[in-house]
Amino acid sequence: MAKEKFDRSKTHANIGTIGHVDHGKTTLTAAITTVLAKRSGKGQAMAYDAIDGAPEERERGITISTAHVEYETDSRHYAHVDCPGHADYVKNMITGAAQMDGGILVVSAADGPMPQTREHILLSRNVGVPYLVVFLNKCDMVDDEELLELVEMEVRDLLSEYDFPGDDVPVIQGSALKALQGEAEWEEKIIELMNAVDEYIPTPERDKDKPFMMPVEDVFSITGRGTVATGRVERGQLNVGDTVEILGINEEKKSTTVTGVEMFRKLLDYAEAGDNIGALLRGVSREEIQRGQVLAKPGTITPHTKFTAEVYVLSKDEGGRHTPFFSNYRPQFYFRTTDVTGVVHLPEGTEMVMPGDNTEMTVELIAPIAIEEGTRFSIREGGRTVGSGVVSTITE
């Protein structure tokens, strides 16, 4: 059957759920889709199992992959990512959180903030999630009003500690499970949450007037049609028929024509900043493009290997290193969707960098990545985030 056109009349925002494992992120995601579909008759109610992804990932009792769902309120259309909660899957959290104009931080009222609550707030700050709204979940399990107030204060303090406006952030108390089970008073709390999200998270200022660029998240082949690259358009606009360059990782760049654009399985004439899309590329084989590269308007961005950056090194308490590092330290640098190994050179007079410090450093990557001044990245070793930084100048 022919694909229906995507409705652009409502403003669009990308949000997601973050928080500690088992605090109820996926249940809340299911509850939002269910309550909104029930109230408006629009959108599709998603069951917990449908969001929680592939079976082998659920057997370990944790969500590994990033699930994308869509729903709408009266004023907006949302694309929602359910980010994995477990520390082993921080890598996915980083790719998921990078897709967010705002986040819903889920905290179990019964447990209060936990290590990953802190880690996800930190990650949100580092990957540039500008606004968070808090959902205190499992409030049906807490009878003590004072305890709820205490947990709320604790969450607000934690947000302030990481430069979010803890005093102003909306905090909604509710129960995702009870709402999912259709209990009216708890359904109201979901509506209250979505009203807060509508009002508190501003309509994102899109970079759609800048030149087109999209980090590649995934690549697959469609028999008879060609190769599709998926990702979130970081800036600019892409029209069917445009020429784009595939840049990064490899030394040589490749030009191609975009022969089709789709979003949520619907065809578009064009895509713009903020859209999660699949772009069909003419004459590109599956082997010629990979995650970590970018699609960009020809001549607007170049891959680089050497830059200076301002970096914050996580303290031991934040889950960072326990020991200092020195020049010639070789961690992974996580740009947009991929890790690339790089060598660190510390400025003259700085012998070593302690956990909890911030420092300037020069980085030399082993493969070129499309970066600019202001591009953010994480520093990781063995799958663990140990620092975060921003490119200050490009040297090569």
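For all residues, glycine too, the Cβ spot is worked out from N, Cα and C.
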Which listed span Swiss-Prot calls region 'G2', if the choices are 61-65, 76-80, 271-275, 306-310: 61-65
Residues flagged as region 'G1' in Swiss-Prot, choosing from 19-26, 203-210, 315-322: 19-26
Which listed span Swiss-Prot calls region 'G4', if the choices are 117-120, 137-140, 253-256, 285-288: 137-140
Swiss-Prot annotation of region 'G3' - which of the ranges 70-73, 82-85, 354-357, 358-361 it falls on: 82-85
Close approaches to the region 'G4' (137-140) from elsewhere in its chain (Cβ under 8 angstroms; 6 or more beyond its ends): 23-24, 27-28, 106-110, 148, 173-178, 186
For the region 'G4' (137-140), the number of residues DSSP places in helix, strand and coil: 2 helix, 1 strand, 1 coil
Local backbone state of ASP22 (GTP binding site), from DSSP in three classes: coil
Other CB atoms, at most 10 A from the CB of LYS25 (GTP binding site): 27
